[in-house]
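Chemist: Before I ask anything, let me first share the structure, which is written out below as structure tokens.
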Ligand SMILES: N[C@@H](CCC[C@H](N)C(=O)O)C(=O)O
């Protein structure tokens, strides 16, 4: 029997970032990577991340959240998914303020008609925080490039950790960048021992950035909240923007405010319920894993 069989799920999205919420607070249960991969199949329940809710571990939090990418790997942060679980929890309890906890720390959330705000905590910029494979003096621009050696298409990204690792390449025209071509090799580049989320960012003005993201463990997505945060703080560090910016992703806009008083990053944007249901054995089992005679009368 599949571990998650018969569990209720809620399908949501944050700017088109496809999220499945699994509320496992009534009995902690691991999410087997093979079941996550089977569920993510295009004709089953395609998602970018599962947000799995477990019983809270710290006072004042509603749940401990684990984040699972569609390749079965685990992440430490998911901005769009966090807005989704905030909306889910608000619907369940009626509360408009709540906090979750992840392996990266506490996530305070506010649900308001104009948007859901998540306090994503403080960014980290040390080479060992990202992490990078070895010492780098200045993480505002590291030595890394993609494309032909004599005429690189992408070069010198900023790197930041906002719970999870990000590399941001600054480009003049985001539409001219084929991130699907360069994303896989950069995600797996040896400079990133834990892989990385790869972004191409175009600065439109001191308060507006366009962004495309190749997500670690997923691929191209409509939006990535943590990448928007990592990009905003990296742009501000470089003096390319101020500390409050709108980040426009293919799926829509996020407002990112890198608060001066405590260096916390506040991310504001929407989240949507789509539908709910129950997981079945068929959804959790990839065809290749099924017995050869499955389906035979
Ligand atoms: N979609 C997310 C980021 C999800 C995690 C990422 N793929 C990783 O492995 O770090 C977001 O909205 O932040």
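Glycine too: its Cβ is placed from the backbone N, Cα and C atoms.
Any TrEMBL annotation is an automated prediction that lacks curation.
Sequence annotations record features per position, and here TrEMBL assigns active site to 78. TrEMBL lists 78 with the feature active site, proton donor. The annotation active site, proton acceptor is assigned in TrEMBL to 224. Positions annotated as substrate binding site by TrEMBL: 17, 49, 69, 79, 80, 164, 197, 215, 216, 225, 226.
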Chemist: Using a 10 Å cut-off on Cβ-Cβ distances across all protein chains shown, tell me which of the active-site residues (78, 224) has the largest neighbour count.
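Modeler: Of 78, 224, the one with the most crowded Cβ is 224.
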Chemist: What other residues of this chain sit with their CB within 8 A of the center of the CB atoms of 17, 49, 69, 79, 80, 164, 197, 215, 216, 225, 226, the recorded substrate site?
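Modeler: Here the non-site neighbours turn out to be 48, 67, 75, 77, 78, 81, 213, 218, 221, 224, 227.
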Chemist: Is residue 216 (substrate binding site) helix, strand or coil when read with DSSP?
Modeler: coil
Chemist: Tell me the coarse DSSP state (helix, strand, coil) of residue 226 (substrate binding site).
Modeler: helix
Chemist: Which secondary structure state does DSSP assign to residue 17 (substrate binding site), in the simple three-class scheme?
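Modeler: In three-state terms, residue 17 (substrate binding site) counts as strand.
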Chemist: Of all the recorded positions given, namely 69, 216, 224, which is spatially nearest to residue 78 (active site) at the Cα level?
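Modeler: Of all the candidates listed, 224 is nearest in space.
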Chemist: At the Cα level, what's the spacing in Å between residue 17 (substrate binding site) and the residue listed as 'active site, proton acceptor', rounded?
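Modeler: Answer for this pair: 7 Å between alpha carbons.
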Chemist: Three-state secondary structure of residue 197 (substrate binding site) from DSSP?
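Modeler: In the DSSP reduction, residue 197 (substrate binding site) maps to strand.
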Chemist: The record names 17, 49, 69, 79, 80, 164, 197, 215, 216, 225, 226 as the residues that bind substrate; what is their largest Cα to Cα distance in Å?
Modeler: 17
Chemist: Which site among 80, 197, 226 has the most other CB atoms no more than 10 Å from its CB, taking these as binding-site residues?
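Modeler: Counting every other Cβ within 10 Å of each candidate, the maximum falls on 80.
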Chemist: Could you list the residues of the same chain, at least six apart in sequence, whose Cβ is under 8 A from the Cβ of residue 69 (substrate binding site)?
Modeler: 36, 48, 49, 75, 215, 216, 217, 218
